[in-house]
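Only one structure is covered here, and it is reproduced in the block below.
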Amino acid sequence: MTIMRKSHPLMKMVNHAFIDLPAPSNISSWWNFGSLLGLCLIIQIASGLFLAMHYSSDTTLAFSSVAHICRDVNYGWLIRYIHANGASLFFICLYLHIGRGIYYGSYMYKETWNIGIALLFLTMATAFMGYVLPWGQMSFWGATVITNLLSAIPYVGTSLVEWIWGGFSVDKATLTRFFAFHFILPFIIAATAMVHLLFLHETGSNNPLGIPSNSDKIPFHPYYTFKDLLGMIIILAMFLTFVLFFPDLLGDPDNYSPANPLNTPPHIKPEWYFLFAYAILRSIPNKLGGVIALVLSILVLALFPFLHTANQRSMMFRPISQLLFWTLVSDLMILTWIGGQPVEPPFIIIGQIASILYFSIILIFLPIAGLIENKILKW
């Protein structure tokens with residue numbers, strides 16, 4: 001008689017994905033972020049569900065309902081701060097996961113990589129709409145500024161913006177639909193993540209050496225189940241420490257003022273995890289050009305499989321590419337800093353140089369470095 005996990009239709013799927021899955025024997029802790037992203041998604045859906053029970057998506061009630069959650073609902077303050085900071089944790093794990101993929105050449109699994117990019121877009125859309133819901137000053141003006149960018153699209157832009165707003169400005173209709181979309185999108189993300197996993201399991205995981213590991217596989221359980229569990233415990237400990245001691249560190253003080261269409265905040269800026277893209281947007285003095293650069297700053301990830309010129313998949317033994325990779329990481333940190341600064345010298349020129357460097361490293365320097373490293377290996 002076969003054991004249940006191998007015969008039961010449902011258990012069989014779980015077994016193939018999480019128990020008997022053959023995994024490379026040498027994958028490092030950088031491979032933990034997939035499971036950590038799953039944990040983040042579960043935390044966000046669970047905390048979001050409880051927040052939605054008490055939240056009201058009406059312009060006159062939204063701000064008060066969030067205050068009510070924090071003051072009157074049992075542990076409402078905790079649920080709210082877990083949800084708000086959970087988004088930051090989500091993006092930290094997401095960016096580290098993408099960085100790992102770039103460093104170790106995981107983008108060569110094209111289907112998995114492209115679905116990952118779709119997941120990134122979905123997550124960014126969800127986070128943006130979630131930021132609008134508390135209906136504070138930065139919520140309102142962030143929504144106004146970012147949705148207004150679509151008006152730069154020739155011919156259909158203005159109509160498109162008014163269609164998204166449901167009127168001639170960000171108002172009740174906008175808030176209601178953003179709440180509806182913010183509620184449904186995480187479930188779409190969860191479904192897309194399943195497809196992401198499906199394609200990953202077609203090829204098997206990459207490994208730090210970037211070489212086929214078919215000759216040396218180990219079962220996912222117990223080795224990587226416990227490794228993932230350890231990662232989850234460490235991340236949860238750090239996350240809860242942050243939530244309980246510094247809940248407002250990453251938030252904007254302006255969002256504690258109710259939305260006021262007649263009063264513009266001095267510096268309109270998104271949450272920290274969008275600042276790098278916001279800096280790229282602002283570094284181009286033309287509206288349409290800025291919007292195109294903003295979209296391309298994420299879409300450029302899709303070009304990685306086609307720009308890979310090196311004979312080796314991983315950057316582990318490619319020092320020139322390593323140097324460029326860490327320059328790219330530093331450049332993204334500079335862009336994040338610039339995105340939070342006012343539009344004045346010297347920040348404007350720093351942002352423009354950092355934006356040019358961002359695209360240059362990905363589109364020009366990394367492919368050239370790969371070719372140089374191929375030549376060096378032949379000597």
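Glycine is no exception: its Cβ is also placed from the backbone N, Cα and C atoms.
Some features that Swiss-Prot has for this protein:
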type	residues	note
TRANSMEM	33-53	transmembrane segment
TRANSMEM	77-98	transmembrane segment
BINDING	H83, H182	heme b b562 binding site
BINDING	H97, H196	heme b b566 binding site
TRANSMEM	113-133	transmembrane segment
TRANSMEM	178-198	transmembrane segment
BINDING	H201	ubiquinone binding site
TRANSMEM	226-246	transmembrane segment
TRANSMEM	288-308	transmembrane segment
TRANSMEM	320-340	transmembrane segment
TRANSMEM	347-367	transmembrane segment
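Structure with Swiss-Prot features highlighted.
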residue	record	Cβ contacts under 8 Å, 6 or more apart
H83	heme b b562 binding site	Q44, S47, G48, L51
H97	heme b b566 binding site	F33, G34, L37
H182	heme b b562 binding site	G48, T126, M129, G130, L133
H196	heme b b566 binding site	T112, I115, G116, L119
H201	ubiquinone binding site	H16, A17, L21
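Nonlocal intrachain contacts for the transmembrane segment (77-98), taken as residues 6+ away from its ends with a CB within less than 8 angstroms of a stretch CB, comprise 30, 33-34, 36-37, 40-41, 43-44, 47-48, 50-51, 66, 69-71, 116, 120, 123, 127, 130, 235, 239, 242-243, 247, 250-251, 271-273, 301. Under the three-state DSSP scheme, H182 (heme b b562 binding site) falls in the helix class. With a cut-off of 8 Å on Cβ pairs spaced 6 or more residues apart, the transmembrane segment (178-198) and the transmembrane segment (288-308) reach fewer than 3 such pairs and are scored as not touching. With a threshold of 8 Å between CB atoms, the same-chain residues lying at least 6 positions outside the transmembrane segment (33-53) that come near it are 69, 79-80, 82-83, 86-87, 89-90, 93-94, 96-97, 100, 182-183, 186-187, 189-190, 193, 228, 231-232, 235-236. Taking residue pairs at least 6 apart in sequence, the transmembrane segment (226-246) and the transmembrane segment (347-367) share fewer than three C-beta contacts under 8 angstroms.
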